[in-house]
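Here the structure comes first, spelled out in structure tokens, and everything after it is commentary.
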Amino acid sequence: MRGALCRPDVLMRPCLRPCARLPRLPPSRRLPFSITTSCQQLPRTSPGRAGFSSLASLESRQNDRTRCFSALRSLSSSQLLPTTAPVLARHNSTTATSQMPLERKAIEIEKRIAAIPLERYRNFCIVAHIDHGKSTLSDRLLEHTGTITAGDGNKQVLDKLDVERERGITVKAQTCTMIYKHRDGLDYLLHLVDTPGHVDFRAEVTRSYSSCSGALLLVDASQGVQAQTVANFYLAFAQGLSLVPVVNKIDMASADVPRVLEQLETVFELDTSTAVKVSAKTGQGVGEILPAVISNVPAPVGDAKKPLRMLLVDSWYDTFKGVVLLVRLFDGTLKQGDKVYSFATGNEYIVGEVGIQYPDAVPQKVLRAGQVGYVFFNPGMKRIQDAKLGDTFTNVGCEDTVEPLPGFEEPKPMVFVAAFPTNQDDYGRLADSIAHLVLNDRSVTLQKDYSEALGAGWRLGFLGSLHCSVFQDRLRQEHGASIIITEPAVPTKIIWSTGEELIVTNPAEFPDPDDHRIRSATLYEPFVNATVTLPEEYVGRCIEICENARGVQKSLEFFTATQVILKYELPAASLVDDLFGKLKGATKGYATLDYEDAGWRQAQLVKLNLLVNKKAVDAVARIVHVSQVERLGRQWVTKFKEHVDRQMFEVIIQAAAGRRIVARETIKPFRKDVLAKLHASDITRRRKLLEKQKAGRKRLRAVGNVIIDQSAFQKFLSK
């Protein structure tokens with residue numbers, strides 16, 4: 001043993017096998033230091049190399065060995081301690097203790113859930129206008145139920161996307177299961193959904209209602225009832241949800257709780273005697289919310305003994321698990337190994353794992369009727385398109401006896417853009433990234449597209465301009481991909497003289513002015529019913545903005561002494577043209593906007609093209625109203641001129657509405673001074689050289705192509 005310890009290579013590579021002959025040392029006679037630890041501190045170098053940086057370090061380690069042997073000789077063999085075994089034991093116990101809390105947590109949650117009957121389940125969501133405090137209230141509820149540990153770092157716990165934390169808004173409806181011990185001493189299983197507040201993500205809110213029996217209608221105590229508050233109330237009311245009014249931010253100096261309660265009674269005819277007054281920031285009054293939920297929200301209806309009937313609510317992609325499904329069980333149970341059948345696709349799957357969001361994924365042995373949880377299959381879904389939201393799953397063999405649940409209404413895109421990779425070599429990787437995002441956001445429509453200027457790409461449909469912007473941010477943050485996106489445009493409907501209809505979402509497909517059929521066709525554009533809430537002193541300016549946007553006023557109501565609700569019928573194209581930004585600017589940020597589809601209206605529309613040396617740039621074309629042609633045409637040519645480099649010949653940039661040129665800019669060519677070498681020659685020689693240069697430029701312009709870098713398109717299309 002002594003010889004082995006004296007070898008440098010053994011010191012540098014300590015033996016990890018415990019010595020069976022050496023028994024455990026009593027605490028009173030253990031060494032003051034660990035031989036193994038000392039050996040591990042030596043450099044890990046091969047025996048053929050210099051293992052020590054200096055002679056001093058070598059002498060120091062030799063002294064350590066000498067002290068070790070002295071201590072060992074002073075002990076009897078029955079008292080010797082194996083030096084490596086405790087190290088291994090500590091290492092293994094550390095790994096076990098890091099895993100055991102998670103396993104114990106899952107087992108403890110499973111036991112508590114198994115003891116809760118369906119009558120003590122409550123599924124509810126939080127709905128409100130944007131920035132009224134939904135995510136902050138969710139954090140306080142998670143702390144109150146012990147789902148997460150209380151602390152200052154709990155901010156937007158359920159907002160898991162980078163774009164949500166960056167912008168401070170909720171984009172995806174997020175779910176969480178909570179176990180709450182009520183005042184009667186009984187456990188209740190609560191399922192919470194934190195929904196988005198912006199109108200562009202209303203499809204998320206609508207899907208969330210399918211898994212809930214009630215909702216917290218949250219209102220800011222200083223802002224009062226606003227546009228999305230009204231819209232979300234009527235959505236929840238139409239779904240038959242039980243509503244619990246909650247007034248938030250009561251700790252603010254500008255809070256006016258009596259005014260807000262009066263608004264709730266006047267606008268929604270709600271009984272405000274049961275309203276809960278809270279401050280989600282400080283936690284004041286949060287403890288009264290869950291008892292109100294238990295008292296006012298009914299338990300879900302279901303039977304765990306019946307065959308499985310499961311609704312697909314949401315889906316996302318995981319690198320290791322594949323397609324993960326968020327499901328709501330109406331009947332039956334679901335566990336690992338079960339075989340399920342999809343009504344939408346007819347495919348059969350084997351369940352690989354089930355679990356709940358607590359708030360992160362916690363595996364469970366079984367999901368029961370009334371619960372909301374996640375599931376993924378093993379083997380997984382072959383195609384992302386197989387995960388159809390609103391699909392019903394049941395046990396294999398029960399598809400003939402189980403009636404599928406009504407699915408979701410497909411959201412209709414309001415805004416269309418063309419998207420192209422900045423580098424065509426990245427097309428394949430970008431296609432996979434977009435497919436993964438579309439799996440998680442089913443309100444996006446996707447079609448392949450091609451542009452002569454920008455190459456292969458896609459035609460994407462969104463619910464609004466913010467929806468489009470968030471999608472672009474998610475693509476960059478989650479997948480590291482950047483794309484060129486054209487200006488948002490709304491669809492156009494063409495009814496030919498024969499009565500046939502054509503919906504055009506790509507301006508490149510709009511008929512040319514040479515097509516004789518377009519002269520006798522009727523054109524329609526989409527309209528929306530917009531609801532604007534604003535303070536009374538800004539009414540005049542907002543009416544002017546809506547009138548300039550070709551809006552038609554429907555009503556003007558005072559729902560308090562100082563707050564006004566304006567209802568307008570507006571073209572959807574005005575929303576793309578930053579109508580909301582204009583309203584916010586005119587009201588110092590107090591205006592709020594909500595809208596819903598109002599169908600088609602006849603309009604005078606024309607295709608606006610950007611021409612470079614009389615050749616159309618298809619990626620920039622738009623279908624606009626005739627009243628906007630002059631303004632947009634002038635903006636286009638002025639902006640595009642800034643980003644196109646000078647050429648050896650003259651470049652003419654024009655905006656054309658049909659056959660009519662509405663604006664023009666010219667980029668002068670580089671000019672060579674052909675007269676520099678003539679000095680004092682006669683005028684005829686000078687004129688001859690100038691005419692020769694002019695003829696050469698004319699030939700170059702006839703055969704030359706304008707080279708436009710893709711960065712020019714990127715800068716032109718950016719706001």
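Cβ coordinates are placed from backbone N, Cα and C, and glycine is handled just like the others.
Positions annotated as transit peptide by Swiss-Prot: 1-75. Feature annotation from Swiss-Prot assigns domain 'tr-type G' to 119-301. The GTP binding site annotation in Swiss-Prot covers 128-135, 194-198, 248-251.
Its Cβ placed at the centre, Asp131 (GTP binding site) has 16 other Cβ atoms within 10 Å. Across the residues of the domain 'tr-type G' (119-301), the predicted structure has a mean pLDDT of 83. According to DSSP, Ala128 (GTP binding site) is assigned to a strand segment.
With a 10 A radius on its CB, Lys134 (GTP binding site) counts 25 other CB atoms from all the protein chains. In the three-state DSSP classification, Lys134 (GTP binding site) falls within a helix. Annotation for Thr195 (GTP binding site): same-chain Cβ neighbours under 8 Å, separated by at least 6 residues, are Cys125, Ile126, Val127, Lys134, Thr170, Ala173, Glu204, Val205, Ser208, Asn232. Each of the binding-site residues Ala128, Ile250 was scored by the number of other CB atoms within 10 Å of its CB, and the largest score is that of Ala128.
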